[in-house]
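The domain 'RRM 1' annotation in Swiss-Prot covers 4-74. If you look up Swiss-Prot, you'll see 73-105, 174-272 marked as region 'Disordered'. Annotated compositional bias 'Basic residues' per Swiss-Prot: 74-83, 182-229, in sequence order. Swiss-Prot lists 86, 227, 229, 233, 250, 253 with the feature phosphoserine, giving a large-scale study or a structure entry as the kind of evidence. As annotated by Swiss-Prot, domain 'RRM 2' applies to 108-181. Per Swiss-Prot, the feature N6-acetyllysine maps to 167; the stated evidence is a large-scale study or a structure entry. Per Swiss-Prot, the feature compositional bias 'Low complexity' maps to 242-254.
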């Protein structure tokens, strides 16, 4: 298939097929590996996997040697150790096409915590390929010391958690958290916070209503007690004095006083 075969240059002569297979692990299914002395070929089932391998593995170390990875071409290129091969499978896609293509996003997302600031997204992606096929990786965005890795399958995600959680990258042990679980935790926390706030609001409202009803009942009882005290209060002294004076000036008392004064005047006349 056109575009599925890649060339490995500057290959260590001691490299075996297992070493090459391990080197390309996580980049898709491999159909064939053909090793020569100092170079070799790897054929993928999907040309997109070949593009990923060329873009991301060129210049990496394989068996203590920095190898060159590029698409297999029909014409020979001398002067750089590749003039001895010719391949009938030629790549029609330029090498820079993959850089402009958007990454494949999936729901099989891992959150990487405690990530060293020296680790780039490329380093993180290369590290996570030990567990499976990585489709997307990012580092320190939007949060520093935190990365995101997405896998092609959920099985690769679980494999990464089991094998790579707690491993060191640049001197720091990383912690892997499944993205869906972390999202659900944040949702549950926000829901509990809203519930507690609504409960506190309802409690404060009920308390204010109770205090308001109590104050109203107290004011009503006070007004009732005042009205009762006013109705039961004794007659003031002035009114009592007025009543006594009016009683002393009754007609019977006036007649008695007149009769007494007459009897006194008669006794005085008889004495004279």
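For all residues, glycine too, the Cβ spot is worked out from N, Cα and C.
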If you run the three-state DSSP split on the residue listed as 'N6-acetyllysine', which class comes out?
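For the residue listed as 'N6-acetyllysine' - judged by DSSP and reduced to three states - the answer is coil.
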Mind giving me a neighbour count for the residue listed as 'N6-acetyllysine'? Other Cβ atoms within 10 Å of its Cβ, every protein chain shown.
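Looking across every protein chain shown, the total is 13.
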For the domain 'RRM 2' (108-181), DSSP counts of helix, strand and coil?
22 helix, 25 strand, 27 coil
Over the domain 'RRM 2' (108-181), what is the model's average pLDDT?
90
